[in-house]
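S.K.: Provided herewith is a single structure, encoded as structure tokens, for subsequent inquiry.
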Amino acid sequence: MPSAFLKMNSSKPLPLAGIGVFSNTTCPTERKISVFFSVIFMTVGILSNSLAIAILMKAYQRFRQKSKASFLLFASGLVITDLLGHLITGTIAVFVYASDKDWIRFNQSNILCSVFGMCMVFFGLCPLFLGSVMAVERCIGVTKPIFHSTKMTSRHVKLMLSIVCFCAIFIALLPILRLRAYQIQASRTWCFYKTEHFEDWEDRFYLLFFSCLGLLALAISFVCNAVTGITLLRVKFKTQHRQGRSHHFEMIIQLLAIMCVSCICWSPFLVTMANIGINGNHSSESCETILFALRMATWNQILDPWVYILLRKAVLKKLFQIARRFCGVRLITFPSWELSSIKNSLKVAAVSDSPVNSKQTNLQLLSSPVQ
């Protein structure tokens with residue numbers, strides 16, 4: 001989802017000849033915001049994701065374990081997708097706004113609206129799909145560490161990333177393949193599936209299909225992250241040793257942040273689109289409601305790098321030091337951090353799942369030096 005188009009004001013639509021037509025519905029007039037502010041808003045997303053990519057590349061060169069490499073590859077795919085989303089769709093939106101939304105002049109053949117709509121669908125679904133795949137990968141890594149270490153190779157991760165991208169591309173191209181045009185929305189600042197004046201079931205199907213896939217991805221992420229968090233808590237209280245305690249705390253915080261940000265940002269837009277698809281031409285969703293839901297979804301691309309990458313152990317340690325200083329209470333003790341938190345998680349999970357020589361293995365873990 002782009003960032004710039006969310007700040008654009010709306011005006012009365014004009015008729016347009018050709019495939020792309022304007023909606024007859026008008027959005028309430030909003031406060032005028034300069035194109036400069038829209039560019040700044042888009043730039044924040046680009047810089048955030050660029051910083052996250054730099055951190056990921058540095059971490060990938062530092063850690064070569066299979067488990068860590070798979071996580072870094074998935075995370076890299078996510079932030080690169082978010083970066084391209086801000087760059088491509090944001091640029092198109094700024095161009096539309098700078099051209100005073102005169103679609104008649106630059107969209108005679110509906111090519112720009114089609115490209116805009118496909119980008120909106122692709123860069124909307126692809127991060128959701130990647131988030132669910134990452135949740136599944138983390139769940140397998142914690143609950144089935146041996147299977148994860150032997151089967152989750154870099155080649156398999158790259159194959160999964162390719163499959164996710166091709167699925168999102170196919171869904172974005174589906175209306176074009178069916179000779180259905182993307183529609184310029186009521187605000188005249190963005191293009192998407194037809195959201196009003198449905199002609200048949202197919203117009204409603206695209207909205208429902210998009211919404212159901214997005215909500216399914218969120219549900220998978222929620223379930224897998226919940227299973228991972230419960231497993232980590234169970235292992236923590238079962239082992240009762242200090243090594244890995246900071247890792248457990250770090251992972252639980254990250255999982256909660258991922259679930260909260262994804263659900264809060266995406267649920268309004270997905271539910272709104274599903275409601276429009278179900279009710280069809282009788283939908284009561286206003287243009288203002290749609291734009292608000294879209295703003296919420298857009299923030300997910302800005303917050304993604306901060307949740308997945310920048311909310312790291314060093315940041316958490318500093319936050320708790322500040323909290324201790326303000327509260328005057330020793331909230332938590334941070335021992336030496338494990339350099340590879342994923343590796344530590346696999347060792348602890350493997351110990352908890354092994355019924356043979358568990359006591360002896362626990363003693364070895366307790367006596368082993370922290371790396």
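Each Cβ is built from the backbone N, Cα and C atoms, and glycine gets one as well.
Owing to the predicted nature of the structure, the values given are computational and were not obtained by experimental measurement.
Copied straight from TrEMBL:
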type: TRANSMEM; residues: 33-57; note: transmembrane segment
type: DOMAIN; residues: 48-308; note: domain 'G-protein coupled receptors family 1 profile'
type: TRANSMEM; residues: 69-97; note: transmembrane segment
type: TRANSMEM; residues: 109-136; note: transmembrane segment
type: TRANSMEM; residues: 157-177; note: transmembrane segment
type: TRANSMEM; residues: 205-233; note: transmembrane segment
type: TRANSMEM; residues: 253-278; note: transmembrane segment
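Walk me through where these features lie, including what they touch and how far apart they are.
M.R.: Sequence-distant contacts of the transmembrane segment (205-233) (same chain, at least 6 residues past either end, Cβ-Cβ under 8 Å): 121, 124-125, 128-129, 131-132, 134-136, 138-139, 142-143, 171, 174-175, 180, 193-195, 248, 251-252, 255-256, 258-259, 262-263, 266-267, 270-271, 273-274, 276-278, 345, 349.
Counting only same-chain residues 6+ beyond the ends of the transmembrane segment (253-278), those with a CB under 8 A from a CB of the stretch are 128, 131, 135, 138, 193, 195-196, 204-208, 210-212, 214-215, 218, 221-222, 225-226, 228-229, 285, 289-290, 292-294, 296-297, 299-300, 303-304, 307-308, 311, 316.
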